[in-house]
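S.K.: Dumping what TrEMBL says about this protein:
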TRANSMEM  5-24  transmembrane segment
TRANSMEM  44-64  transmembrane segment
TRANSMEM  76-95  transmembrane segment
TRANSMEM  154-176  transmembrane segment
TRANSMEM  188-210  transmembrane segment
TRANSMEM  230-256  transmembrane segment
TRANSMEM  263-283  transmembrane segment
TRANSMEM  332-354  transmembrane segment
TRANSMEM  374-393  transmembrane segment
TRANSMEM  400-419  transmembrane segment
Amino acid sequence: MKQQILTAGFWLIAFLILPAVLYYSAFYSGSNAVKYAVNNHAELFYLLFIVSALLFSTIVNRSWLDKGHLSPNLKFYLLGMLKLLIVFYGVFLVLNTLARYASFRSEAIDVMFFKTEMWKLAHLQIPVYEWSQHFSPFLFLLAPFYRLSSTGGMLMLLQAAAVVSGAIPLYLTAVYRLKSQWLGSALAFSYLAFGGLQFGYAYGFHEIMFLPPLFFWTYYFYTSGKIKKYFLFLLLSLAVKEEVSLIVIFWGLYLLFKKNYRYAAGTIIAGILWYVLCFKIIFPFFNQDAGFGYWGQYPGGNGIAGLIRFAVLHPLEFFSTLTSPKYKLDTIVHSFGSFAFLSFLYPPSLIVAIPSLLEKLLSSDIAAKNGFHYSSAITAVILVSVMESLTAVLKKEQRLFFGLVIIYAAVSANILYGYHALSPLLFGREGGLNELQLHILNKTISSIPAQASVSAQYYIRPHISKPYWKTSDAISENETADYAIINLDLPQIMSEQETLQKNAKRLIEDDRYEIVVNSEGTVLFKRRDFVP
């Protein structure tokens, strides 16, 4: 047993050599050449990841492990330790996400938008403006939780916990389908470690982040043959956001290819009906017949028909749009490379990834980049594609090999290209407000009277527990709110970079306002005529 433990320790050290070198090179070497290469040649580094993963996994798989040199007891303990580490990692990701939000380090993108929608849903009001943008009736299920605590923190907690919980159905499916707890653990870890997904739930709140866990449960019930639960979770997945209708249609087409007609027919019909409901009924109704407002970022500009027409009439330009600018190629590399490109072992499995991939690559907006919430859907479908590929090609004696490849690629990709704000390796090194600044900022927010209207800096506004109509983004050129609060030590985003300091100076000179707090970066303005 002692010799086996020493040998296992040796392989663990060997496993960590490349990730350790990458970590040092990226964050401590100070080499501008390395940083330039990391930022501009992701394809070369992913090639390094995969070659190293294949080499390491081959050596380990052909050595003492496949010759019975590892006792069943040690296998049990090693697998148990891996599962425990994955659970701890998942809990860490959730708590760190919440801690970043509570300490004003999270960008909190669109949190206020969804606080508004959740307030309306919790009070059984139709969110007219919000449904003119995106149709997400799934959020009704979160309304009871929001009523318990009507804060942005509650939304961030629900989102992070839901996303991380997606590792559970992923693991269960691998155990059921691939007959391997080891592969299930490897896939669960790769999912949790994907930086594009971590970015999505740590930097703000978006409904599409709930798709992976729901789609994984859908897939699990498909693999286990529980058709009623399958269609229940398929409908829940559709209810997340309008774009899921296309994913479901192509998932149904894949099932049709697999000759699973029983599931394929219902899946395709459900996807088509949901597409019609969203794009032909909901959006025209709430947009006053203007349709879906986000088609403008895609060539053709007027929906699926426009995209098809553009592809047929301008094929060269269409393919050019898919691959340029270069960050679109990086998106492909990050999205598939973080899961060791295993989807390509069984090309038909890529059918399910087509809508999400085209949605990203055809966009002229930031949706084409890796990360943000735009990587959520593609994460879900790629992992399903990986599972289908492994099911098609895996042999019993290859389980260890593929598990090592998956974990090796996931660790390497996370270290170099993960969302470093959530990395355990950088925990405690992230900047932000110190404890005194946080105390004063929170105390100042709490001091604002309940009935007062508030104009607040973008990072601050979601932390103000008031009905949405009582708050606005700070500080406008012609400010009228009862209070205005800013902290210039917080990052300034979007239009704030140009207007915040200028408008703050204007407010200082405005006789209608007085400064009631000016401490540790926090400044609170109050209208002189406001009476609590």
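Cβ from N, Cα, C; glycine included.
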S.K.: Report, as numbers and ranges, every residue of the chain located at least six residues beyond the transmembrane segment (400-419) whose Cβ falls under 8 Å of a Cβ in that stretch; write 'none' if there are none.
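M.R.: Sequence-remote neighbours of the transmembrane segment (400-419) are 15, 18-19, 22-23, 26, 38, 42, 45-46, 48-50, 52-54, 56-58, 60-61, 65-66, 180, 182-183, 185-187, 189-190, 193-196, 198-199, 202, 334, 337-340, 342, 370-371, 390, 394, 425.
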S.K.: Quick one: do the transmembrane segment (76-95) and the transmembrane segment (188-210) have at least 3 Cβ pairs under 8 Å, skipping pairs fewer than 6 apart in sequence?
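M.R.: Answer yes: the transmembrane segment (76-95) meets the transmembrane segment (188-210) with 3 or more Cβ pairs below 8 Å.
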S.K.: Using a Cβ-Cβ cut-off of under 8 Å, list the residues of the same chain that are 6+ residues beyond the ends of the transmembrane segment (332-354) and lie near it.
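M.R.: Answer is 42-43, 46, 49-50, 53, 190, 193-196, 247, 250-251, 253-254, 257, 360-361, 370, 375, 378-379, 381-386, 388-390, 392-393, 402, 405-406, 408-410, 413-414, 417.
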